[in-house]
Amino acid sequence: MTIIVDQPQFENENGRHEEVTKNRAETELVLDGGFCIPHANSFGHNFRDYDVESERQQGVENFYRVNHINQTFDFVKKMRSEYEKLDKIEMSIWECCELLNQVVDESDPDLDEPQIEHLLQTAEAIRKDYPDQDWLHLTALIHDLGKVLLHPSFGELPQWAVVGDTFPVGCAFDESIVHKKYFLQNPDYNNSSYNTKYGVYSQNCGLDNVMMSWGHDDYMYLVAKENGTTLPSAGLFIIRYHSFYALHRSGAYKHLMNEEDVENLKWLQIFNKYDLYSKSKVRVDVEKVKPYYESLINKYFPAKLRW
Ligand SMILES: O[C@H]1[C@H](O)[C@@H](O)[C@H](O)[C@@H](O)[C@H]1O
Ligand SMILES: [Fe+2]
Ligand SMILES: [Fe+2]
């Protein structure tokens with residue numbers, strides 16, 4: 001993995017796993033496991049810069065416009081009840097990884113590679129630094145599999161209903177959400193049941209009880225849970241909230257968390273560094289690593305899952 005420069009937010013973070021070492025004449029940021037954080041994405045810009053002029057900027061902004069207008073409380077309720085039926089298809093985890101070969105994510109300013117590359121890049125990077133946490137390697141491999149909702153056999157949902165950052169619906173949209181101005185056109189924005197700090201929720205009710213904007217995270221969480229995975233709760237937490245940057249990066253919505261969420265958030269924050277900064281043009285040799293991931297899939301999942 002290559003090396004880049006200052007991402008200052010790392011320097012203030014504490015805690016064992018968050019520790020960052022500055023190396024080689026202050027040019028390189030290295031996580032305590034050894035992972036080097038690149039200073040720029042494949043397009044030469046900072047990661048997650050949604051405003052910088054780039055070949056992806058306009059498409060990404062338009063993506064968020066449509067996403068923010070349409071992700072309402074009612075929409076999420078409808079999608080959850082449709083997709084929790086898990087009556088679309090039966091397939092293994094690895095078959096799903098292969099389907100993702102055809103999927104490119106339009107919401108992502110940092111990556112335009114097929115998604116299977118991203119899954120393996122994330123998993124291999126985290127495996128290197130946390131060799132004993134096999135559940136974390138598998139969580140990384142599957143965290144984005146919900147993007148299969150874009151595939152024709154799942155009704156080919158539009159990008160705005162599958163990818164991008166997520167946020168709670170049923171309470172006020174937080175200021176820290178990317179391109180937040182487009183929420184002004186969301187019908188929930190002016191609905192007094194949904195536009196207050198707590199909205200339909202209560203203090204420390206637990207994120208499990210919060211409806212998140214619909215997309216690949218919540219869907220994959222449902223698939224894993226309903227198919228009886230033996231992944232630990234931190235793995236399921238990572239899957240459901242990995243796109244919830246308002247929480248794990250900006251610290252918003254903490255008033256909805258319970259104690260278990262607070263514990264699990266620590267793992268999500270570790271995971272996020274690998275999810276975000278492993279994105280690159282360097283390809284992983286799929287056939288070489290496949291046997292290892294197949295063994296983890298066998299350990300934590302049934303051979304075939306309902307999707
Ligand atoms: O554009 C990206 C992408 O869709 C990721 O899969 C998601 O997890 C991120 O939160 C989002 O910003
Ligand atoms: Fe994702
Ligand atoms: Fe990802």
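Every residue gets a Cβ built from N, Cα and C, even glycine.
Within the same chain, residues at least six positions away from Lys147 (substrate binding site) with a Cβ under 8 Å of its Cβ are Leu100, Val103, Asp105, Gln115, Val162, Val163, His216. According to DSSP, Lys147 (substrate binding site) sits within a helical segment. Summarising the annotation, TrEMBL assigns substrate binding site to Arg48, Asp105, Glu106, Ser107, Lys147, Gly164, Asp165, His242, Ser243.
Marked as Fe cation binding site by TrEMBL: His118, His143, Asp144, His216, His242, Asp275. His242 (Fe cation binding site) carries neither a helix nor a strand DSSP state and counts as coil. The C-beta environment of His242 (Fe cation binding site), restricted to residues of the same chain at least 6 apart in sequence and closer than 8 Å, consists of His143, Asp217, His248, Leu268, Phe271, Asn272, Asp275.
Here the C-alpha separation of Asp144 (Fe cation binding site) and Ser243 (substrate binding site) works out to 10 Å. Around the Cβ of His143 (Fe cation binding site), a 10 Å sphere holds 27 further Cβ atoms from the protein chains shown.
The binding-site residues considered are Glu106, Asp144, Asp165, Asp275; of these, Glu106 has the fewest other C-beta atoms within 10 angstroms of its C-beta.
Checking the binding-site residues Arg48, Glu106, Asp144, Asp165, Ser243 against ligand 2, the ones whose Cβ sits under 6 Å from it are Asp144, Ser243. Taking only the Cα positions, the spacing between His118 (Fe cation binding site) and Glu106 (substrate binding site) is 14 angstrom. Proximity to ligand 1 at the level of Cβ atoms, with a cut-off under 6 angstroms, picks out Asp144, Asp165, His242, Ser243 from the binding-site residues Arg48, Asp144, Lys147, Asp165, His242, Ser243. Screening the binding-site residues Arg48, Glu106, Lys147, Asp165, His216, Ser243 for a C-beta under 6 A from any atom of ligand 3 leaves none.
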